[in-house]
Amino acid sequence: MNALIHRLRTQARAAEARTDLVVAIVALALAALVVPTALRGEGPTLANLQIVGYFGAIAIAAMGLNLLVGYVRLVSLGQGAFFAVGAYASAWLLVDGDLSPLLAILVALVAAGAIGAVLAVCSMRLRGPAFAMITLVVAILVEQILVEWRPLGRLSGYPNALDHGSGLIDPVEIFGLTLEPPLFAGTAVTVVIAIVFVAAIVFLGYRNAVGSAWGRSLRAIGTSEHLAAHLGVNVFSRKVVVMAVASVYGALGGVFYAQVMAHLQPETFDIFLSITIVLAVILGGGGTVVGPVIGAAVIVILQQTNVLVPVVDAQRSISDSWYLSTPGLIGLLLVLTLAFLPHGIVGSLVRLTHRGTEEPSEVETGADDGSELARSSDAVADAVLSVPTDGGGENLLEVRGAVRRFGGLTAVGGVDLTVRRGTVHALIGPNGAGKTTLANLVTGVYAVNEGELVLEGQRIDRWPTHRIVRGGVARTFQTPLIFAEESVEENVLAGFLDTGTMPFWRAWLKLPGQYRRNAEMRERAEQLLELVGLAGHGHLEAGNLSYGKQRALEIARALASGPKLLILDEPAAGLNTSETSVLGELLIRLRDRGLSLILVEHHMDLVTQVSDEVTCMNTGVVLAHGSTAEVLADPAVVEAYLGVAVEEGS
Amino acid sequence: MDAVISGLVLGGLFTLVGQSIVLTFVTTRTINFASGEFLAVAAFIGLGLGSWTWLPGPGKIVIAVLAVGVLGALTYRFLVVPFSHGEHDTRWLLSTVGLSYVLVNLLTNAYGANPQRLGFGRISEPKTLLGANINAQALLITVLAIIVTLVLVAGSKWTSSGLLMRAVAEDAETASLMGVSPRRVGAYAYAGASALAGLAGVLWAAEVGVSSHLGLPILVSAFAVAVIGGLTSFWGPLVGGAIYAVVVQIASYEIGSLWGSIIGLLLVIGVLVVRPEGLLGRRMEAKL
């Protein structure tokens, strides 16, 4: 058995490594295609080489923007500004600052990253379009600085003959190699060679990052920040990091642009540049790995070659004054893409191929036998669950006198609740009793106004959600919060604490040890799916699962973090009778292996089946507490649920 | 002092366009990123009406404003409604950005990039206010902006259409169950908002000339103003416009126009750090 698992794990690892290797070879080979032409540097090819260099620059900026627009779903209209910062800062440091090329480039990138991070710190609490508005304001301001600030040459561009004696940035020399721009016939265009290889490398790093647990956290934030925090992600700092990374990618594009053109004009960096990069992402496919690269290629061809000339000419033959030229056509293309290709070129292709392979039988009908949750076995549970029972007393969680008010409403008014290790504590009460608010207090969604929360002897009532989650508390939600467009397996993988703890650099580099960890996580995810009765569902799109299965999936994801305490918010809501009893068996299995549970529930059958202890809340206070039988027999509880009993005959 | 007064007067222009932004945001939770180009479109319509010598200036302004209002309703119907399914769908943002490029490009190709004289709708004699020489046209716009603000504040509070508007903003689905058509309310909001942008466009173009690039700088300032004041309050653009324009004007007088813009941005960022919902905005709690 162990040998088999080991072999499967090795195979999975090898498959992943093989895919990565093939992608790396393809990327580098594509880059290498440019080399012979660039080395000859013949006059007629220079214009095309310039376009290739420009494509590399835009593609890199678009990859960075995709992290924001495609993954975190924050629309930035300011990527062009970071492109400009990279271009102008590196050029200025080279020409006026006289820094060594590598240092100049590095400083420019760090500066752009810092600006991005500061902007993120200031604006990440914004919801809705405000982020797009602010980035637009920044983009316009940067353009204004380029146009008006004297040291950057204003409209004469940078560098210019008047201030610098030459209108061109001298070719830089890095590691003994002189990077010649595509300007002089007969000179090897070494800068384009450097660009395509660096672009290939930063593409591979970006691909590693988005395919990693780090990348998963971005999708999680894009779906719901609330959920992301409950996966252990520090949403604020992750957004700051991703904004900084996106800015550095934008600036790297700008650095390359400066090297290819050897001269900068401020009007190149107007707001239209930002829109061009946005269109590259949207057209190629936001949230897909290669989308931005494909999109950049299409846009650059449209803009820099004369393929659009016939379109313009055709319009002008109708009306010589009312027609669209390139910027207008790009704007129109943006609208058409949004309307007819919302997932972009790559996203749509992926969807097409998926539809071909998936059996249509997975359209769920809800209650038929085929779609029931499968019962799992003790053996699976033993294999998957290992709750650390390291000391800290008998009580895992103690809620003491918790109070939470919303304005004038006291949702939770002085509640005590103790969860003993390895027990199920059911929390019942009519709607509006404050049960979910209490659950939200435990996971730090709201801070308590009064009272304390103690987890394993530690005060947690001032901890942010992600820290509480990492401390061993996991939960599911009243309405399932899942990544509907991702596979079931991806959903479970998002549950591992790696999602919150993996740093960007580790994700980008993807060190060899990562393959082992990925195989391990995939294997555990498989086991967890089996445990909750979803064996064999891993490849399906999560949004297509029935409601009951989505709830099971949420439990599997919550278990992936290896929690000590699992909070289930109405897990049986919407489940049929047999599904409820399967769920009950699962909960008992979890408890028997040392997990502690808080079960917020209305289904009294389930409560009776699994609970060791019951607390009944009403209007924010504890109405009754004790063993299941005691609480359910309590007249006050019956009254809260059913109203005052009317005496017969009265 | 001169800077303060001229700032207050200039702020009116940003307030007027800012109200256009807030109006669509409070009703539909969307913003027309092509609003800036609507300023230019209105100005060009006004320019086209120049040959109708029988029609007095105010008549031409009314026609231009109404036409842009219709354009706004069409924009809502064809570029916003199909691109806003749920809170995660922000395609409307990009589709209106796309529209703005189409409009700028069309106008530039048709009329060239140089500003042209509008020839009506301008108050030419200079005015003095509190001892400072001010631009009479900007003062006119500011007076209009204040009137528009008061009308919007009062209208949203006390009229039935204001109630409908707030109902749709609060919960479009429930409102539609109550027999309100969120789309119709949204279309009216877009028409009204675009008319405001058009009004600002014609009046400002009368002062600075008609050009295809009239709108973008004003839109950017209006964004800053709306964010400072808060996107959810009709008082926001008025307060934000006054603060923003005064700060930018003082900085421009004292250090230079570039620094004026930079300090304006820093002001926006400063407000965001302290109050992300804007000075007068209402904090929107996410439903869990």
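Numbering starts at 1 and runs along the chain as displayed.
Using the three backbone atoms N, Cα and C, a Cβ is placed for every residue, glycine included.
These come from TrEMBL:
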type: DOMAIN; residues: A:397-644; note: domain 'ABC transporter'
type: TRANSMEM; residues: A:21-39; note: transmembrane segment
type: TRANSMEM; residues: A:51-69; note: transmembrane segment
type: TRANSMEM; residues: A:76-95; note: transmembrane segment
type: TRANSMEM; residues: A:101-122; note: transmembrane segment
type: TRANSMEM; residues: A:129-147; note: transmembrane segment
type: TRANSMEM; residues: A:183-206; note: transmembrane segment
type: TRANSMEM; residues: A:240-259; note: transmembrane segment
type: TRANSMEM; residues: A:271-302; note: transmembrane segment
type: TRANSMEM; residues: A:322-341; note: transmembrane segment
> What mean pLDDT score does the domain 'ABC transporter' (A:397-644) have in the model?
Replying inline: 90
> At an 8 Å Cβ cut-off, counting only pairs 6 or more apart in sequence, do the transmembrane segment (A:51-69) and the transmembrane segment (A:129-147) clear the bar of 3 or more pairs?
Replying inline: no
> Is the transmembrane segment (A:129-147) packed against any residues at least 6 beyond its ends, judged by a Cβ distance under 8 Å, and which are they?
Replying inline: 74-78, 80-81, 84-85, 88, 119, 123, 154-155, 266-267, 269-271, 274
>> At a threshold of under 8 Å on Cβ distances, which of A:21-39, A:101-122, A:240-259 pairs most often with the transmembrane segment (A:76-95)?
In response: A:240-259
> Mind checking which residues reach the transmembrane segment (A:240-259)? Cβ under 8 Å, same chain, six or more beyond either end.
Replying inline: 53-54, 56-61, 63-65, 67-68, 71-72, 76, 79-91, 105, 108-117, 119-121, 124, 169, 172, 179, 181, 191, 194-195, 198-199, 202, 206, 209, 218, 277, 504
